Amino acid sequence: MYIPSRTSLPVLLGEESPHSTAMASGEKLEGKQLKGGSISIRPIPDECWTRVLGNLEATELSTCSVSCLRFSRLSDHPELWQALLRSDFCASLTHRAMLLAWMAMHHHFHPRQLYIFKRREHLLDLEIARADLCQRYEQAREQDRKQRRLRALNYFLVRVIHCLLCISVLASSILLWLKLKDAVTMSYYLIFSPVLGFESVFFIAASMTFLIYFQRSSTGWTFYWNRLQGTVRWFILFTSPCEGFLVLFFAGAALPLLAATLEEDLPVPWPSLRVLPPFLAVWLGTGCFAFSVLRRRQCSSSCIGSCLFLWCPLAAFSTLLFSRLTVWPWLSPMVMMLPLLLVTCMLILFSSFLTIASFWLGWRGSRDWMEYATTTLLAILAFLLPMLTVEITLVCYLKGLSFFALYQSCLPLKPNGLGAPHLDRLPNRYRRHDLHSDTELLLPQP
């Protein structure tokens with residue numbers, strides 16, 4: 001069947017046209033040339049148009065309904081809109097059953113009206129979901145920003161503070177050693193200035209922690225406080241803000257008072273107690289912490305560990321050192337350093353056990369335990385063994401011994417190459433240069 005390029009739409013729809021009278025009289029028009037240069041065809045039945053309109057979307061079907069009267073009548077067919085309801089709002093069999101039940105409840109409404117209601121409801125749900133998605137996106141971005149700030153804050157409060165502590169203690173110890181060797185002539189304020197600078201940074205970090213603690217009741221700061229790390233937060237949790245501040249204040253005041261005492265800038269009415277201020281600061285800090293633990297009656301593992309390995313040995317050592325400097329000068333250096341030596345040896349033994357056990361578990365296949373064992377071994381080699389060496393060296397220095405004398409006492413006596421006993425192995429600077437014998441001093445004087 002030949003269809004010309006210019007076929008009028010009313011003819012296809014079956015509406016009145018100049019050529020429809022011939023079709024109504026039963027005249028065969030297929031292939032007949034009509035006036036005007038066009039060829040008329042039979043109108044397409046409604047069933048075919050319904051089949052065609054069934055392939056359109058809801059918006060396209062609504063657009064076709066306003067094109068002509070016949071399309072307006074065909075587009076209102078209930079089966080078309082029921083099919084659109086089932087295809088657009090049935091994601092599963094459950095939804096299909098619920099939709100059929102809902103359509104049965106509202107059978108007195110036209111399916112087109114039900115589709116419009118469902119579409120508006122669906123658009124409203126989309127707007128709500130879009131708003132919820134935007135809100136979740138903003139919350140995720142804000143959470144990510146908080147996580148970055150928290151990581152930076154914890155990095156400063158833990159890693160940076162620890163590195164500054166090690167660097168400041170190392171620098172002050174080197175300057176103090178040069179001072180004792182008379183290699184430099186500087187005041188004790190300059191010698192302890194690295195540690196004093198560390199204390200300034202530490203107090204800034206403590207101020208930040210206290211600020212977060214006092215702002216923790218608000219929504220934005222609760223996130224930071226619950227995930228904060230560091231020594232200051234530990235003090236606040238296991239004591240109280242006031243007691244934690246006093247402990248930190250007294251502990252930080254001990255070193256400036258020690259420098260002022262060594263420089264004799266603190267006038268004390270009792271000369272025998274001129275070294276009292278730094279020790280008093282240490283005792284007050286230890287007493288505040290002990291009072292807080294007894295008041296709260298909390299015996300957690302961290303409290304017990306800090307008391308056994310930090311506060312009790314520190315208080316005992318400070319008491320023995322103060323006794324040796326004031327009222328008990330004949331106290332043995334070994335007895336004075338005994339608390340620190342015991343704690344260091346216990347930590348070395350405990351850390352060695354943890355290292356061996358962690359290496360065994362890591363050898364069994366757990367990588368995390370292998371990393372923990374490596375970290376513990378580095379702590380033993382970099383911190384505990386040097387601390388034990390310093391303590392033993394200090395005891396030997398106070399007893400008047402030197403490592404050279406200990407080394408010579410451990411060497412066996414062996415003859416020289418000529419067969420004659422060579423008992424004196426000391427260098428020339430340790431020998432007596434006078435050739436007179438001490439036996440002459442035993443003779444009676446004339």
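The backbone N, Cα and C atoms fix where each Cβ goes, and this holds for glycine too.
Annotated features, as they stand in TrEMBL:
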- 38-84: domain 'F-box' (DOMAIN)
- 156-178: transmembrane segment (TRANSMEM)
- 190-214: transmembrane segment (TRANSMEM)
- 234-255: transmembrane segment (TRANSMEM)
- 275-294: transmembrane segment (TRANSMEM)
- 306-331: transmembrane segment (TRANSMEM)
- 337-363: transmembrane segment (TRANSMEM)
- 375-407: transmembrane segment (TRANSMEM)
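With DSSP classes pooled into helix, strand and coil, the tally for the domain 'F-box' (38-84) is 30 helix, 0 strand, 17 coil.
With a cut-off of 8 Å between Cβ atoms, the residues of this chain six or more beyond the transmembrane segment (234-255) that come close are 192, 195-196, 199, 202-203, 206, 209-210, 213-214, 278, 281-282, 284-285, 288-289, 291-293, 296, 298, 300, 302-303. Sequence-distant contacts of the transmembrane segment (306-331) (same chain, at least 6 residues past either end, Cβ-Cβ under 8 Å): 272-273, 275-276, 279, 282-283, 286, 289-290, 293, 337-340, 342-343, 346-347.
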